[in-house]
């Protein structure tokens, strides 16, 4: 006689074991129809799984994020169902849930085309609209293997042989004649899986190993209702328009090429963006009293072994040999900063010591994961390390948090998700050390009135950390900033200071990054602004255009005045119609377009318009310069008169 306790505290008693679906039906037919799965005593279960003991139960519907992820997983099975109907010879590998959707890896000799994907999507919809029940059957390991052997599903057999114990009881999910294997849960009926779209097909190695066979990975997205699906697809369309790779080419910002995969060739305008970003962060460093240093690009393997990075990162490090010594190009800056700290005796009076670097780092990322500026092999970190005492940790972390928020606000990012990762099972130090460290981070967040989520056990073995994830205009999440306590590296590399009692003590090291990678952050900004950078950041801030040759000298004089005042300005004296010039520089996203005709020249004025076509009228050169200087110095996100 199980007693079921619901989230509101109410209880329901049943004579026999019941399923989540039974409980939902007991509450009401509407909830039964909406029920996708259940969370029983904190564990997700299929709606059909029986509950035989007193339990806490939350009924999962498509209104819950968990429900959406379950229906996405079931859409992957639906995809498998459709594939096997259209190409019975296909072998199904794995079909997991990913952000906003799902995929399935398929072994199929026939190369899937855009037309195939369209036909596959239609077959999926035809199947889903029959509203068939998904039948779950828990079997022995041997029964599962026999079932897939009969079907020739070699990848399912491999999963059973290599990943599942023979004592296990796998769950098989039957979609009419199609059978798949999964830990679940899945939807009870395919009426939940009718708001989806197949997005693309790509190659993927089995098990992610290039020594294995290349499979075809079909990606899809799925949502709880048509409105959510349409919203997502609209966002994807907008994201495609804002793709930094496309805009980077249009605006001549940078390029990449096969001879240097994952390395950026910055062009003049792109490098201007980079330098402005660096200049901005450098000013922040001054405000928060950092030293700026520069460490070597390459160091002996022995140092990386002492730091512990060789054991964990050697596969991702570029190495070279010279004079019988092995060197590694740095994937991070921290060991180099400890070497600088170690030069000369340090006293407690020298702490906190804040050390920052725009460090050029390299990591040997897999070629298949490289993606424009977002995922590169060579990148610049706005990295800093703070050496301090235990008592100073909370204040230093609080300052880091303020620096993060001040910086993100300048770029218009206000939706920041903060997560605090706490002690993992395997860790250095005693519980008292971790209690103090975690409490210092918590109090720093609370003091700054920051809402945060705690991720138990997700910290590094050497200390807890705070992660800052910003959300852009399309509500995409970008994890950029981090504040990480480190109680291990200073000790490993012999960093000490003389304490007030004249004993040698090891400092706490705080790793902190604001932007993370400058290259990646610029990619985010290109997409956030769709190439329409704020004036202070724009590679070219003003372009001055003449209507006829008669104004050419005056236009050049105006540009000279602007340049002397530190405004990035250029002129366009081409013998083209003024409308053509305006359109061209509008496409280049230049913030201010200044037109000069006879009247403007005679009155020592310029006619001002913005790249968005707003006519600001005529102004004297001095008035416009004064206004744009205010625009630039304030780092305004808006143009004049917006």
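Using the three backbone atoms N, Cα and C, a Cβ is placed for every residue, glycine included.
Taking the domain 'TGS' (1-61) as a whole, pLDDT averages 94 in the prediction. Per Swiss-Prot, domain 'TGS' is recorded for 1-61, and the stated evidence type is sequence analysis.
Feature annotation from Swiss-Prot assigns region 'Catalytic' to 243-534.
Here Swiss-Prot flags 334, 385, 511 as Zn(2+) binding site. Over all protein chains present, the Cβ of residue 385 (Zn(2+) binding site) has 27 other Cβ atoms lying within 10 Å. In the three-state DSSP reading, residue 385 (Zn(2+) binding site) counts as strand.
The Cβ centroid of 334, 385, 511 marks the Zn(2+) site; residues of that chain outside this set whose Cβ lies within 8 Å of it are 332, 333, 337, 383, 384, 484, 486, 489, 509, 510, 512, given in sequence order. With helix defined as DSSP H, G or I and strand as E or B, the domain 'TGS' (1-61) counts 14 helix, 24 strand, 23 coil.
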